[in-house]
Every structure is written in C-alpha cells, then in structure tokens.
Amino acid sequence: MPSPKIAPSILSGDFANLGRDCQKMVANGPEWLHVDVMDGHFVPNISFGPMVVEAVRRSVPREQVMLDCHMMVSNPKKWVEPIAKAGGDQYTFHFEAADDVQGTIDLIRKHGMRVGLAIKPKTDIKEAFPYINKVDMVLVMTVEPGFGGQKFMPDMMPKVEAIRAKSAEIDLQVDGGLGPENVELAAKAGANVIVAGTSVYKSADPKSTIAKLRESVTICQCHHH
Ligand SMILES: O=C(CO)[C@H](O)[C@H](O)COP(=O)(O)O
Ligand SMILES: [Fe+2]
C-alpha cells in the first residue's frame with residue numbers, strides 16, 4: 001500500500017495572504033498541498049492560474065512540500081508547461097477534458113511532473129482502467145468539481161474500490177467534502193491520498209485534524225492486511 005498523504009486544499013485558504021497562509025499550513029506537516037486550478041470553462045468557477053501557482057511555490061519550497069495541482073481546465077495540454085515552470089510537482093488532469101489522454105500523460109512526464117488522472121462523479125470508472133499503469137495517481141472526485149465546501153458523496157466509494165482492486169501500488173486520491181467524520185469510508189475503500197479543504201482550514205486545530213486524517217488512513221490500511 002502506498003503511504004498515507006494528506007493534502008490540504010489551498011482553495012479554502014486566505015487568498016489575500018496566500019504566501020503566509022501556505023507557510024502556516026505547511027508548518028502543520030501535510031505531505032502535499034492541493035492546488036485547485038479552475039478555468040471558468042471546464043468548471044463554473046475561476047480560482048487562479050500558473051502565475052499564482054508560481055507565487056505559492058516561492059512561498060513554500062519544493063524541499064518542504066509537494067504541490068499537487070488539480071487542473072480543472074478544458075485544455076489540459078495547454079497548461080502543462082506553464083505549471084511545470086511555475087514549480088508544480090504533480091499535474092492531475094480530468095479525463096473528461098482530454099481528447100488525447102495518452103498524449104497528455106506523455107507531455108506531463110516530458111516536463112518532469114508526476115501524473116494524476118481525475119474522474120468526475122458522473123464518469124464511469126472503467127474509463128480510467130486503461131491508464132492505471134500509466135499514471136502515478138487516480139483522483140476519484142467525491143463532489144462535482146468547481147467549489148469547496150460541498151457534501152461528500154459516499155456513493156463514489158465503489159469507484160475507489162474498483163481502482164484499488166486493480167492496483168495495490170497506485171496513489172488513490174479522494175477530493176471533496178472529506179473530514180474526520182468520513183475519511184474512514186474512503187480509506188476502507190482503498191484511498192490513501194486525502195484532500196481536505198474546509199475540514200482542515202475551518203478547524204480550530206488544523207494540525208491535529210491533519211494528524212487525525214492521517215491516523216485514520218493508517219489504521220484502515222492495517223486492517224486491510
Ligand atoms: O477540487 C476541489 C473542488 O472542485 C477541491 O479540492 C475540494 O472541493 C476541496 O474542498 P472541500 O474539502 O472543502 O470540499
Ligand atoms: Fe481539488
């Protein structure tokens with residue numbers, strides 16, 4: 001099983017003080033920072049683009065934390081080079097947005113980033129099967145992408161199980177509405193990478209919430225064996 005990774009989503013952070021906010025979050029010990037890029041076209045919202053990702057990178061160096069870029073964009077190939085130059089470590093694109101999935105994977109690799117493949121709630125998980133051995137991570141969305149603070153969809157868990165059944169090694173991420181109250185459902189289904197926006201950022205003690213999320217994944221992984 002791949003190691004547990006907790007990825008706070010900076011979408012829930014303080015955009016007016018993003019650098020300091022990211023440094024503060026990194027001090028809480030997450031493995032990754034989750035960076036939600038939205039283009040106002042693939043999803044009905046605009047967050048920020050490569051210039052802001054570059055600013056975030058300057059605030060938290062690569063040695064401190066990995067930038068996990070969730071690209072909710074219509075033309076995923078177009079932003080590979082800008083995000084690589086901005087300092088992204090992983091580039092997760094949406095299956096629904098890609099007309100050339102393999103070509104997009106190859107382009108991301110060529111730019112030295114890890115590859116993630118994201119699947120929206122209404123997309124059949126079977127679409128991801130041919131690429132499981134070609135990507136580093138599959139992201140099973142547990143909300144409709146576009147906004148933080150939505151309700152976790154437990155009916156996505158069979159999709160997580162289906163991916164985990166095909167690979168014990170792959171990083172398997174869930175994103176949307178996750179917190180201490182439902183992380184076990186996701187971890188039992190086989191998820192090891194937990195994105196958490198609202199639950200971590202609105203917590204009175206983000207550090208302990210991150211630790212709690214990680215602990216739940218670790219315990220569920222032990223029960224599997
Ligand atoms: O991709 C996303 C939305 O499209 C966000 O990463 C996600 O919603 C995280 O926020 P929260 O934990 O508040 O749901
Ligand atoms: Fe996300």
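Sequential numbering from 1, following the chain as shown.
Backbone N, Cα and C define each Cβ position, glycine as well.
According to TrEMBL, the features are:
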ACT_SITE  D36  active site, proton acceptor
ACT_SITE  D175  active site, proton donor
BINDING   S9, H70, G146, F147, G148, G149, G177, G197, T198  substrate binding site
BINDING   H34, D36, H70, D175  divalent metal cation binding site
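Positions of TrEMBL features highlighted on the structure.
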residue : record                             : DSSP (3 states)
S9      : substrate binding site             : strand
H34     : divalent metal cation binding site : strand
H70     : divalent metal cation binding site : strand
G146    : substrate binding site             : coil
D175    : active site, proton donor          : strand
T198    : substrate binding site             : helix
Quiz item: Which recorded positions of D36, G146, G148, G177, T198 contact ligand 2 in the sense of C-beta under 6 Å?
Solution: D36
Self-check item: Cβ packing number for T198 (substrate binding site), 10 Å threshold
Solution: 17
Exercise. Round to a whole number and give the Cα-to-Cα distance in Å for the pair T198 (substrate binding site) and D175 (active site, proton donor).
Key: 11
Self-check item: Output field, substrate shell: CB within 8 Å of site CB centroid, site S9, H70, G146, F147, G148, G149, G177, G197, T198 dropped
Solution: L11, S12, D36, V143, Q150, D175, G176
Quiz item: Relative to the mean position of the Cβ atoms of H34, D36, H70, D175, the recorded divalent metal cation site, which additional same-chain residues have Cβ within 8 Å?
Solution: A7, S9, L11, V35, D68, C69, T92, L139, V195, G197
Quiz item: Which residues in the same chain, at least 6 apart in sequence, have a Cβ under 8 Å from the Cβ of S9 (substrate binding site)?
Solution: H34, V35, D36, G148, D175, V195, A196, G197, V200, Y201
Quiz prompt | Inter-residue Cα distance where the pair is H70 (divalent metal cation binding site) and G177 (substrate binding site), in Å | solution = 15
